Amino acid sequence: MPSPTFRLYNTLTHETEPVEPIEEEHLRFYSCGPTVYMYAHIGNFRSFLTADLIRRTAEAIGWDVTNVSNITDVGHLTQDDLVDPGGEDKMQRALEREGERFANIYDLARHYTEAFLEDWGALNLREPEVRPRATEHVTDQLEAVIELVEKEHAYTTDQGVYFSVESVEDYGHLSGNTEAQQLQATERDVVEDPDKRDPRDFALWKHDPQHLMHWHSPWGWGYPGWHIECSVMGMQYLGDRFDLHTGGEDLIFPHHECEIAQNQSLAGHQVVNYWVHTRFLQVEGEKMSKSKGNFYTVRDLIAPGPDDDHVPDSVREQGGVDPLALRYALMQGQYRKPFNFTLDTLHTAARHVRRYQDAAERVDAALAADADGPDELGGRLRPIYDRTLEAMCDDLNTPAATAAALDGVKAIEQTDRLNGATARSARNWLDRTNALLGVVEPEHEADQRTDAGSENGLAPAHLSDSIDTLLEDREAARADGEYARADAIRDTLEALGIEVMDTPDGTEWERREQVG
C-alpha cells in the first residue's frame with residue numbers, strides 16, 4: 001500500500017498539518033538538546049523521544065533525514081525561563097553545588113554529557129547527524145550578535161547585548177502570549193539591567209569577565225545567551241530554511257519565541273516551517289519534584305544505586321527496569337497530551353517488551369532450524385505493520401501504534417509451529433516494527449555521530465575556523481602585552497581539547513581529545 005501522509009501538530013499554526021519537506025522526501029530538523037548540568041530526567045527524555053519517533057516515522061515512509069541536536073554547555077541562565085537577562089548560569093551553579101567532584105566547569109560538562117549520551121543510547125534513540133556543542137560555536141554566535149547589532153535588532157549596555165523585541169513583528173505569535181503576558185513574566189526577574197529599553201528584551205551576550213566560561217568579544221569578556229546559541233547552531237548546519245524544530249512545551253516561551261525573532265532578523269524571512277512541542281509529564285498524578293520523592297532520572301529507573309531510596313522498591317530490588325521498557329512506557333501517552341507516568345504503566349511496559357523479546361528469541365530459533373512449510377504469518381503481519389505505521393503518521397499516535405503492534409506479537413505467540421518461511425516473515429515484521437518504534441531490541445549503530453562532524457578525532461571545519469580566530473586573538477593579546485588575556489584564551493582552547501604549541505615558525509595547534 002502507498003505510504004500514509006505524515007501529519008504533525010504545528011504549534012506555529014495551531015493545526016495538525018501534513019509535513020511537506022522543503023526538499024522532497026528529505027526531512028531536515030533541529031532538536032533542542034540538554035543543558036548538561038545534571039542527569040537528564042524522564043520528562044527531558046520524553047521530549048527527546050518525540051524527536052526520535054519523528055525521525056523513525058519519516059524514515060519508515062522512505063524519507064531521508066538530517067537531524068541536528070545540540071548540547072548546551074554554557075549560557076543557560078537559571079532565570080532564562082522568564083527571559084531574565086540576569087540570573088546565574090546553570091553550569092556555573094552546578095559547579096558550585098558539586099565542586100568537590102570536578103576539577104573545573106569543563107570537567108562537569110564532560111561528565112554530564114557522557115552520562116546523557118549513555119542514557120540516550122540505553123533508550124534506543126538514534127543518533128543525530130550532527131550534535132554540536134555551544135562552546136564550539138562561540139565565534140559563530142559572536143558574529144550573529146554583531147550582525148544583529150548592525151541591523152539595529154540589538155543594542156549594548158554595560159551589562160551586555162540585548163535583542164530589541166520591539167524591532168520585530170509578531171513576537172509572541174508562537175506562544176500566543178500578549179505583550180501584557182510577556183511583561184508579567186519579566187516582573188519575576190531576579191536581576192534587572194536598568195539600561196534595558198524594554199523589559200521583554202533578552203540577552204544575546206552577557207558581559208562577565210569573572211564567569212568561569214568566558215570569551216573575548218567586542219564588548220569585553222563574557223559569554224553568549226542561550227537563545228542565540230540554538231539559532232546559530234540550527235542555521236549553521238541546516239541553512240536559513242529548514243523544515244522542523246522540536247522541544248518541550250516549556251521551551252515555547254521564551255526560548256523558541258526568541259529563536260524565531262533572532263532567526264528572522266538574521267535571515268530576513270521565516271526559517272522554520274513546523275514547530276513541534278512535547279507536553280509535560282507528571283508522575284503518579286503530581287508534578288515531578290525532588291521534594292515529593294517522585295523525581296526520576298533515566299538512570300534512577302534503569303540502574304538505581306544502593307542509596308537511591310526515592311526509587312520505588314519494585315524497581316530498585318530488581319536492579320532497575322529494561323531501558324526498552326522505560327521507552328515503551330513513555331510511548332503510552334501521545335507527545336502533545338499531558339502524560340501521567342505511573343509504576344503500573346512502567347511494569348506493564350516491561351511485560352510487553354518481554355513478550356517482544358520472547359517472540360524474537362523463538363523466531364530466531366526457528367530461523368536456525370529452518371523447517372519446511374508454508375508461510376503462515378506474512379499475510380497477518382503485513383496489515384498489522386500498516387496499521388502501526390498509520391498510527392505513527394497520525395501525529396505520532398504512539399498509544400495506538402503500540403497497541404496495533406502488540407497484535408503482531410500475539411499472532412506470533414498463537415502460531416504453534418514456526419517453520420522457516422513463517423519465521424522469516426515474523427523476523428521481517430519484528431525488524432520493521434523495531435525500526436519504527438524502537439521497542440523490540442536495542443540498536444547498535446556503527447557510526448556514533450556524537451560530535452559536530454568530527455571524524456577520527458579531527459576537529460570539524462567550522463571548529464577549525466573558530467580555533468584560528470581564537471589564536472589570532474591570543475597573538476594580538478601577546479603583542480599588546482596582555483598576557484593574562486592570552487593565557488585565558490589558551491586555557492579555553494585547552495579545556496576544549498586543543499593543544500596550543502608556540503614554535504619558532506608561529507603558533508600551531510592540534511586536537512588532543514574530544515570534549516565530553
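Think of each number as a place in line: the chain as shown, counted from 1.
For all residues, glycine too, the Cβ spot is worked out from N, Cα and C.
Annotation source Swiss-Prot lists Zn(2+) binding site at Cys32, Cys230, His255, Glu259, citing sequence analysis. Every protein chain shown contributes to the tally, and the Cβ of Glu259 (Zn(2+) binding site) ends up with 27 other Cβ atoms within 10 Å.
The ATP binding site feature in Swiss-Prot is assigned to Lys290; the stated evidence is sequence analysis. The DSSP secondary structure for Lys290 (ATP binding site) is coil.
For the motif ''HIGH' region' (34-44), the residues of the chain that approach it from at least six positions outside its boundaries are 71-73, 76, 90-91, 93-94, 108-109, 112-113, 115-116, 119, 226, 248, 280-281, 288, 295-299, 301, 326, 330, 341, 516, judged by C-beta separation under 8 angstroms. According to Swiss-Prot, the feature motif ''HIGH' region' maps to 34-44.
What Swiss-Prot lists as motif ''KMSKS' region' is 287-291. For the motif ''KMSKS' region' (287-291), the model gives a mean pLDDT of 91.
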Which state, by DSSP, holds His255 (Zn(2+) binding site): helix, strand or coil?
helix
List, by number or range, the same-chain residues at least 6 past the motif ''KMSKS' region' (287-291) whose CB is under 8 A from its CB atoms?
41-43, 280-281, 310
Additional residues around Zn(2+), ordered along the sequence, whose Cβ is within 8 Å of the centroid of Cys32, Cys230, His255, Glu259:
Trp226, His227, Glu229, Ser231, Gly234, His245, Gly247, Leu251, His256, Cys258
Quick one: pull the CA-CA distance for Glu259 (Zn(2+) binding site) versus Lys290 (ATP binding site), whole Å only.
30
When you measure from the Cβ of Cys32 (Zn(2+) binding site), how many other Cβ atoms are you left with inside 10 Å?
24
In whole Å, how far is Lys290 (ATP binding site) from Cys230 (Zn(2+) binding site) when you measure between their Cα atoms?
29
Those binding-site residues listed as His255, Lys290, and which of them has the most Cβ atoms within 10 Å of its own Cβ:
His255
Let me know how many other Cβ atoms fall within 10 Å of the Cβ of Cys230 (Zn(2+) binding site).
28
